[in-house]
C-alpha cells in the first residue's frame, strides 16, 4: 500500500513531457493556477506611485550628484541637467505608458520588442537584462546600501570590502526571500521604505529652504561661471543624472498586476516622476546652500557632508535613512524584474521553470530566486563604478530600441487599441536622446568595457539559434530532470491561461 501510494505520488510529480512535473489538467492544480491568476495582489494607484518613487530614489541622489557637477563644472548647468534628466525620464515613461496600455503584459520592454520586431530583439533584451543590466543594477544598489550601513561602524576609514560585499549579499538574500514569499509583503515593504526615504528627502529639502530664507545664497551667484559646456560633457552629465533617475519604467514590468492599468499606469507616471524631479532639484539646491562647488566635488558622500554641517548631533539620521532608501530601491527593482524573468520563461526564452508560480505563495518565486542568485555573483568581483559602466551603456541601447518600437507600431500595428496616445514627437525626441547617450561615453572616453558589452549582447544570437530556434533535444534532456526536481523543491506549478 505504501509503495503504491509512493508510485502514485511520483507519477503525479513526473507528469507529462518537458518536465512539467505536476499535471496541469488535475482539478486541484487547475484551482491553484486559477487562484494564482485571479488572486495576485492588484496594485492600486498609491502603490504604483510608491513603486515608481521608491524605485527611482535610491542611493544616486544622496551620494553621486558630484558626477553631474564634475561634468559641467558649475552650479547653474548642474541644476539644469537635473531638471532636464527628469523631463527626459518623464517623456520616456509616457512612451512606456502608451506601450503598457496598448500591450498589457508584464515584463517591461520584452513584450513590446516582441510585438514590434519579433523574437530575436526580445530575446537579446531578456538575455542582456537577465544576465547583465538588471542583476548589476540590483548589485550596485545593494553595494551602496552596504557601504552606508557599515560606515558608522568604521569611523574615519573605509569599511573592508569583505564586510561590504557580505552585507550586500545578505541584503539580496533577504529581499529575494521577502518577494518570493508574498506579493503583498513586497508591496507593503516598498510602501514603508518609500515613506522613510521621503522623510529624509523632506528633511534635506526643508533644511535647504530654511537656509535660503536665512540668506545662504552666495553659492548661487554667477552660477554659470566657469561652466564646461560641450556635447561630450553634457552627454556625460546626462549619463550620471539619468542613473539616479533609473527606474522610471519599472511599473511596466508589473502591468498585469496593476489594478485598472489604463488609468493607474499613466497617472502613476505623471505624478511619480515629476515628484521625483522636484525632489532632486530641491535636494541639489539644498546641497549648494552649505557647500561650494569645490567642497561638493571633494565630498565622498554629499548627503553625509550636508548632514554633518546642518543636522549636527542628529547627523546619524542621514546614513540610516540613506540605507533605508537604497534597500527600498533594491526591493522595488527585485519586485519588478522578477516579472521579466517570469515572462521570458513563459515565452520559452528561458528555462521553463522560471515561468512557474508558487503553489503556496502565488508568486513567481523561481524567477525571483534566479535574479537574486545572479546579482550575488556580480557582487563577488565587481565594484560600483565598473558595474555602472556596464549597466548604463547596455540599458540605453534597449531603451532607445523600445521607444523606436513604439514609433514602428504606429505604422505596422494600427489595429491595436491605444487608450493613451502621445504625440509622435515625444518618442522621436527620446529615441534621438537614447542614441546620443549611447554614443557620448564612447566618443568622450572610449573603453574596452563597451566593446565587451556589445559582444556579450551579440553572443545572445548564438544562444538563440542553438536553444530557441532549433530547439536541440540534448538541452531538453538535461533541463527536464532539473525542472522536475526544482519544481518539487520549490512547490511551483506552470501558469495556465484562465478561461474568462
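Cβ from N, Cα, C; glycine included.
In TrEMBL, the annotation transmembrane segment applies to 316-342, one of the ranges 235-261, 316-342. TrEMBL tags one of the stretches 119-140, 449-470 as transmembrane segment, and that stretch is 449-470. Among the ranges 387-408, 475-496, the one that TrEMBL lists as transmembrane segment is 387-408. Between the transmembrane segment (420-443) and the stretches 74-100, 162-182, 188-213, 362-381, Cβ pairs under 8 Å are most numerous for 74-100.
Between the transmembrane segment (267-290) and the transmembrane segment (162-182), the number of CB pairs under 8 angstroms, six or more residues apart, is fewer than three, so the stretches are not in contact.
Same-chain residues lying 6+ beyond the ends of the transmembrane segment (162-182) with a Cβ under 8 Å from its Cβ atoms: 138-139, 142-143, 145-147, 149-150, 189, 327, 330-331, 334-335, 338, 358, 361, 363, 365, 368-369, 371-372, 375-376, 379-380. For the transmembrane segment (387-408), same-chain residues at least 6 beyond its ends with a Cβ under 8 Å from one of its own Cβ atoms are 92, 95-96, 98-99, 109, 112-113, 115-117, 121, 125, 128-129, 132-133, 136-137, 139-140, 143, 239, 242-243, 246, 249, 378, 424, 427-428, 430-431, 434-435, 437-438, 441, 447, 449-450, 453, 457.
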